[in-house]
Amino acid sequence: MVPEAWRSGLVSTGRVVGVLLLLGALNKASTVIHYEIPEEREKGFAVGNVVANLGLDLGSLSARRFRVVSGASRRFFEVNRETGEMFVNDRLDREELCGTLPSCTVTLELVVENPLELFSVEVVIQDINDNNPAFPTQEMKLEISEAVAPGTRFPLESAHDPDVGSNSLQTYELSRNEYFALRVQTREDSTKYAELVLERALDREREPSLQLVLTALDGGTPALSASLPIHIKVLDANDNAPVFNQSLYRARVLEDAPSGTRVVQVLATDLDEGPNGEIIYSFGSHNRAGVRQLFALDLVTGMLTIKGRLDFEDTKLHEIYIQAKDKGANPEGAHCKVLVEVVDVNDNAPEITVTSVYSPVPEDAPLGTVIALLSVTDLDAGENGLVTCEVPPGLPFSLTSSLKNYFTLKTSADLDRETVPEYNLSITARDAGTPSLSALTIVRVQVSDINDNPPQSSQSSYDVYIEENNLPGAPILNLSVWDPDAPQNARLSFFLLEQGAETGLVGRYFTINRDNGIVSSLVPLDYEDRREFELTAHISDGGTPVLATNISVNIFVTDRNDNAPQVLYPRPGGSSVEMLPRGTSAGHLVSRVVGWDADAGHNAWLSYSLLGSPNQSLFAIGLHTGQISTARPVQDTDSPRQTLTVLIKDNGEPSLSTTATLTVSVTEDSPEARAEFPSGSAPREQKKNLTFYLLLSLILVSVGFVVTVFGVIIFKVYKWKQSRDLYRAPVSSLYRTPGPSLHADAVRGGLMSPHLYHQVYLTTDSRRSDPLLKKPGAASPLASRQNTLRSCDPVFYRQVLGAESAPPGQQAPPNTDWRFSQAQRPGTSGSQNGDDTGTWPNNQFDTEMLQAMILASASEAADGSSTLGGGAGTMGLSARYGPQFTLQHVPDYRQNVYIPGSNATLTNAAGKRDGKAPAGGNGNKKKSGKKEKK
């Protein structure tokens, strides 16, 4: 039954020899599994459950990318990923795969990832008896002389069986006869061949020919056979046969030896003479197939030469049988054996196969990350087959040997996509032969990006200068920012943030394009309103996590000449009359026109000129000071009423201008002359009303202050009683500074901004208790001009200066209730003539001092009861403002009024230029400070 089962090929899968050897079980990366399977199994034949044998999780095969890797062009095996069974995928013919090799093994690799593991599976293909022995010829003819002595051996044709092992050729059988016997011999490669042995002398006359049958049998079950008819012709005697000088010859030859290379020369001799002694050499009948294609034999000389191309990897040793025959009528032959050893040369370059590539690789991949798996083979032997692999130096990769002929490509240093986004690795495999042969393959490794770079800019801050009255929506800045990461991580978003506690600047004044970083203004900017903006550009990328960069953006508004000069004195719309006695000499200071400009720099520099008067030769005006003086003595013929129109121009481009009108009355300095101008009584009545309201306000504020103080004291006492161990009640002290001045502080709520602080100074020699305004808490009178009188509430301005008064920029009616004496004329010394050709101030500080001085003069000029000749140290101001009036009391017109032409600087008693009050005013200053503290 067993032979019949093998013959029908119905061997069940349960009878497969499943020899499983787990070699190196402690090292999973080097596990080798062995299976044995007969050849010629049908497609789908189950070999074994390789997944279970490897200890792998069947459910994770797809996730780990389980696959079969085979270097052959045909894939003989596959693995069912659902069951884990390995099955036959293609026809297995052992003779086709391995020829006559004693062992036939098909090797394949199984690869799984996450983590990357490699398993080797060796399937031994078992031979079955599927091939009959075969003779190279259909029949064999022998000519044997009757003189041949018994015991002579005659080689017979050898049969060839492709099967191996027990299924190969095992023996020969000879048909029954009375002359010959059969002797079966074994070669060095364990193959069998037969020899015909003469046991009884032949008698040609009795039997001139013989018919024998040679049968070749293999060892299979059932045994297969082949028959060869042998025709023997009995010849007449040639009693001497050739003899070789040695029965075995050995030779060594390089596998790359060219055709025609001599291998060995055999030599045989025959004692006969004549044709019976002439020897002819030929290949014996026992040679294996292919010998005649590789070697050539000279029939006369017996020289064995190379005919074809030898291959050490195919056959390492060739066994050649040579026979020698004479030329006699009945030639007898002699035989010898030649063993040709093929010497290996390094004629095969290594072969590289990339079995798995992990790409792209994240640039933050840790050291030792597996990138690719490579298999390297070399068909040469010995040192010629020893292969090493290498990558070019200087790259962040290395090769390590994991299994025999397998190399793992790993990372050996940190990767940076921004530096090198892609590598084309030239992997070289080199053997140890001489000369060394090599192979080259390219492995492409892409580096994937991670968000490891924040947005970058060429500069950390930007200073932008933009002219006021700009066009809304026009770009003012394009931020130059980039991100070296990949496009997704480098997608930038721009935002504007505000610096400090001030809010609302971004949505009110500026905006930024979120995609391209272009900053634009939303509204026209006003230099006089705000000169500087401090913003922060926040740039974030599109990566995860988000990286960001902040850039400071400082926007400076530059001035344009968009404000015409304004007249401070004489007040616009008012009736300003200056008295000029007849007989006044030339150079007498008549009055001073005071103007200011809301612009800055050159745009605020003012110049004065007379447009017209009844007598052009009588008056002259300082170009830069605005001082009007007599150009010649006043004569009796001069008109008693002179109307002067002063043109005030700034220094901008284009220049803007305004005019001021001043009336000069030439009088005899008598009461009748003064009565000609009755309009001066109105300001006095206004001043009476103003004084009344100021006193009433002062009383109300004082009462409120006292009530507040008492309330605070009562509250403190109450708290002290509750926790007398922890708190001490403060004692409030009121100080009254002695002196001629009555000083009261008042905070005017509701009419002005809360940050403005106003002080009212009442002096004992003031007839109408004229008020002055100051900016509170300023260390210098030259602070920002954004809080000057031009921003005051007009109602409050009229309440302080009188019902007919107007804030700067509005002209008030003239005040005729006073007259200037020579000592009371406006001027830096009270009596000196103005310098019409004076130079511009030397520096900004001098300019600011002069502006403050002229504004103070303008305030006195607006008051008909004041004088302008205050003496030294007061810059021409009234004596009543001497101790108290410092630069602290002047509204901040430091950049709005520029009247050059004088090099004089304002100094205090100590000669300093910081605008501090002199020693005589310390009492009032301390009193004011205490009230501010409260």
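Any Cβ shown, glycine's included, is placed from N, Cα and C.
These figures come from a predicted structure and were not determined experimentally.
Feature annotation from Swiss-Prot assigns compositional bias 'Basic residues' to 924-934.
The domain 'Cadherin 4' annotation in Swiss-Prot covers 353-457 and rests on sequence analysis.
Sequence-distant contacts of ASN245 (N-linked glycosylation site), defined as residues of its own chain at least six apart whose C-beta falls under 8 angstroms from its C-beta, comprise LEU267, ALA268, THR269. Taken from Swiss-Prot, the feature N-linked glycosylation site covers ASN245 (among others).
The annotation N-linked glycosylation site is assigned in Swiss-Prot to ASN424 (among others) on the grounds of sequence analysis. In the three-state DSSP scheme, ASN424 (N-linked glycosylation site) falls into the strand class.
Within 10 Å of the C-beta atom of ASN478 (N-linked glycosylation site) sit 12 other C-beta atoms, taking all shown protein chains into account. Taken from Swiss-Prot, the feature N-linked glycosylation site applies to ASN478 (among others).
Feature annotation from Swiss-Prot assigns N-linked glycosylation site to ASN550 (among others). Secondary structure at ASN550 (N-linked glycosylation site), taken from DSSP and collapsed to helix, strand or coil, is strand.
What Swiss-Prot records for ASN615 (among others) is N-linked glycosylation site, and it gives sequence analysis as the kind of evidence.
DSSP gives ASN689 (N-linked glycosylation site) a helix state. According to Swiss-Prot, the feature N-linked glycosylation site maps to ASN689 (among others).
Residues or ranges marked as signal peptide in Swiss-Prot: 1-31.
Annotation source Swiss-Prot lists topological domain 'Extracellular' at 32-693, citing sequence analysis.
Residues or ranges marked as topological domain 'Cytoplasmic' in Swiss-Prot: 715-934.
When each of the glycosylation sites ASN424, ASN550, ASN689 is scored by how many other Cβ atoms sit within 10 Å of its Cβ, ASN424 comes out lowest.
According to DSSP, ASN245 (N-linked glycosylation site) is assigned to coil rather than to any helix or strand. Here the candidates are the glycosylation sites ASN424, ASN478, ASN689, and by Cα distance the one nearest ASN550 (N-linked glycosylation site) turns out to be ASN478. Averaged over the topological domain 'Extracellular' (32-693), the predicted model reaches a pLDDT of 86. ASN689 (N-linked glycosylation site) sits 60 Å from ASN478 (N-linked glycosylation site), counting Cα to Cα. The separation of ASN424 (N-linked glycosylation site) from ASN478 (N-linked glycosylation site), Cα to Cα, is 39 Å.
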